[in-house]
2 protein chains.
Amino acid sequence: MGFKVGLLGLGTVGTGVGKILQSPEGRHPLLQAVELARVGVRSLDKPRDLELPSHTLTTDLAAIVSDPDVDIVIEVIGGLEPARTLILDAIAHGKHVVTANKAVIARFGDEIFTAANQAGVYVMLEAAVAGGIPVIQPLKESLGANRIHAMMGILNGTTNYILTKMQSGGDFDDILAEAQALGYAEADPTADVDGFDAGDKIAILTSLAFGGRVKLDQVHREGIRQVSAADIAYAQKLGFVIKLLAIAKLPPNNNNNQVEVRVHPTLVPEEHPLASVNDAFNAILIEADPLGQVMFFGPGAGAGPTASAVVSDTINIVALLKTGLTAANPDSETIHPLLACSHNSYFDVAPMADLVTRFYARIRTQDHPGVIGRLGTCFGDHEVSLESLVQTDVNDNLAEIAVVTHLVREGDFRQALNEIKSLEAVDSIPSVLRVL
Amino acid sequence: MGFKVGLLGLGTVGTGVGKILQSPEGRHPLLQAVELARVGVRSLDKPRDLELPSHTLTTDLAAIVSDPDVDIVIEVIGGLEPARTLILDAIAHGKHVVTANKAVIARFGDEIFTAANQAGVYVMLEAAVAGGIPVIQPLKESLGANRIHAMMGILNGTTNYILTKMQSGGDFDDILAEAQALGYAEADPTADVDGFDAGDKIAILTSLAFGGRVKLDQVHREGIRQVSAADIAYAQKLGFVIKLLAIAKLPPNNNNNQVEVRVHPTLVPEEHPLASVNDAFNAILIEADPLGQVMFFGPGAGAGPTASAVVSDTINIVALLKTGLTAANPDSETIHPLLACSHNSYFDVAPMADLVTRFYARIRTQDHPGVIGRLGTCFGDHEVSLESLVQTDVNDNLAEIAVVTHLVREGDFRQALNEIKSLEAVDSIPSVLRVL
């Protein structure tokens, strides 16, 4: 019994998928039951890194998702449209779908999974988060005994590469330009550098870990443009490295169906497992009861790792088809309950003012005695207690004071900062970052 | 529809399992369909940390595995017998089995999985390797697109704790005694310290990663008793930490259906992801094509993590039972092909003499000029080239030379060492370790 795949997109990931499907030897034996039947591309004439029979290629992607012979549609064209429409059309035609498209799933997951459940088909998305690192499947199948409290990850390779390089010295703009020259960052780096990509991914992980969706515009998102060489240096002095973390947490004593979901540069203690995740690598750390902490680490992007996840998802669908769990029988009991999306409620995202976290702030002050006392008083008035403090002279008149607080309510800390900003002895507050 | 669990064993892991089953809120909804129906213990009178209806407890474990009402048997009594017999009896009675028993699976996996396949039942073993870290399920379901080349792990928490403590100074014997006092090491530490536990685990992982079994007595096994404070110090000086690694690899250009499987203390480069896995934590690193390197990190033992894996396996079986893949229909097509054990051939284990690796050796010599030259000649005669060398004076007459080689065939290196041992200027070779 063979299963026919329709592949939408033949860029680097699509080519990687094709190469795996064409060389099943040494991989899972089920791959031998998979046939790359149709491949949808934008132009038939482009030179390809993959040999395909000419009748396989087509520019009519809509014909692939409605082809009665196709069992599984793999979507690796990326972007919002026509990807969303093609996925929905594939589902409407009873196809199972494998996608690497975090943007579509983060925005239209509700619509897509509702349609999939109605049609009795699977939509698999391991490749959409953290590339080749298995994290979706483990969340669905390996951690079910647990109450998950928190999840935090380095989910964007480009920003992690930039921050890692900045640790050896250098400013954001220069290293971004270098990363662009090397092809590690795109010409328009906004999606990576401003945290949109990580935001999409943590929204997806939130729904898997906590069983409820979040609206993407409620995800608090700060990018890494604000991180300066000076901050990196202070962080090092204080025993931290700066990482762009995507964090989702159930707030403690939460009675309001709220979840914290946020992406921001974060000071991570040097001895923390995420601190040593460098360059373009990704990692996801999960805190659960009774499991404790587990971390998944690996390549978060790239043709090979992404294709690995896409094809492994395909094998999982084939395994289920082999056992008779087919779209022909769209009775909910025949859909594997761990692989289908079973939730359809939305979490409220907790307001950032209510977040309880540690903070780092760099404060420029006039260089005379008593300034630290006045800062301390302001902080104390707002329940902010300090864990450490480093002072450096900038020039004859200005000093810079870097502080790390104990846990504090974000709203209280911001009020203290506002008061500090208005002190006569204070010149400016060039940066404020959260601390893990 | 409810599913009844028979739990064999109510030690720390069994109690952990019971606690999860009794408090399903906040965990996977499928847990609400699971009932802890019977619990087998050695003595009914022992005080328990778990409240159970009195009719649930029994000392008749054989009655549980043959109970027609029981759907899933969870075996957490450990040891070889009666665990093996109970598992086989459960299978014979059409029960699905979840076990945390690495010793039984490593020795009797062949017998157990053959019986399970014939009976059309699942035997799940996530908890048998690396406690709560999901590694069995990802190997079965998330990496199928790949050709796995190599797998290496820190699979024993006790030895990793001891080696981590030794890095801050201290000899093996003292730190072992301390670990025993703290309950981190057993009174008879042989299973941990001499590598038996890690050997069982890597044998199991080998069959999952490479699709063929290995005979346990063919796993090359060296423990950590031979690792001295001096070796730890030299390793640090040379940029390494010493870890007890369990390694399985397909040898390059392998035409003989061979696999490398070995457990031994290993010098790991400081910047390697496994180098920062400290204390009682476990980690498994997998190298695969086209994925690259992924690593799974977390708690490798303990009641909570182990129970997490056991109950998650149980949920996976329940999910399959819900979809109608039951033992009542033992047609192979109704057994999920990724979750059943599909291989039954055996690998030959490659002889250690053919291993190509780097080595570290510590050599005591008379402290006079020309000794290094003579060592270098011996090494060169056997194709051993040196990567680094550190010399220290021991006393007025003796010097100690620590060398790290480039890649070399183990057989050649051993011959060189034999020759070196017989040199007049050489006093002894206190230690020889492999280098990652």
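Each Cβ is built from the backbone N, Cα and C atoms, and glycine gets one as well.
According to TrEMBL, the protein has these features:
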{"type": "BINDING", "residues": "B:LEU8, B:GLY9, B:LEU10, B:GLY11, B:THR12, B:VAL13, B:GLY14, B:THR15", "note": "NADP(+) binding site"}
{"type": "BINDING", "residues": "B:LYS102", "note": "NADPH binding site"}
{"type": "BINDING", "residues": "B:GLU186", "note": "L-homoserine binding site"}
{"type": "ACT_SITE", "residues": "B:LYS201", "note": "active site, proton donor"}
{"type": "DOMAIN", "residues": "B:360-436", "note": "domain 'ACT'"}
Exercise. Near the Cβ of B:GLY14 (NADP(+) binding site), how many other Cβ atoms are there if near means within 10 Å?
Worked result: 27
For this session: Please name which of the recorded positions listed here, B:LYS102, B:GLU186, B:LYS201, is nearest in space to B:VAL13 (NADP(+) binding site), Cα against Cα.
Result: B:LYS102
Exercise. Fewest other CB within 10 angstroms, which one of the recorded positions B:LYS102, B:LYS201?
Worked result: B:LYS102
Seminar exercise, completed: The binding-site residues listed are B:THR12, B:LYS102, B:GLU186; by CA-CA distance, the one closest to B:LYS201 (active site, proton donor) is B:LYS102
Seminar exercise, completed: For NADP(+), residues beyond B:LEU8, B:GLY9, B:LEU10, B:GLY11, B:THR12, B:VAL13, B:GLY14, B:THR15 with C-beta within 8 angstroms of the site's Cβ centre include exactly B:LEU7, B:GLY16, B:VAL17, B:GLY18, B:VAL76, B:ILE77
Exercise. In this structure, which of the binding-site residues B:THR12, B:THR15 has the fewest other Cβ atoms within 10 Å of its Cβ?
Worked result: B:THR12
Exercise. Once the DSSP letters are reduced so that anything not helix or strand counts as coil, what is B:GLY14 (NADP(+) binding site)?
Worked result: helix
For this session: Could you round the CA separation between B:GLY14 (NADP(+) binding site) and B:GLU186 (L-homoserine binding site) to a whole angstrom and send it over?
Result: 19
Seminar exercise, completed: Most isolated by CB count within 10 A, of the binding-site residues B:GLY9, B:GLY11, is B:GLY11
Seminar exercise, completed: Across every protein chain in view, the count of C-beta atoms other than its own within 10 A of the C-beta of B:VAL13 (NADP(+) binding site) is 26
For this session: Quick one: give me the count of other CB atoms within 10 A of the CB of B:GLU186 (L-homoserine binding site).
Result: 13
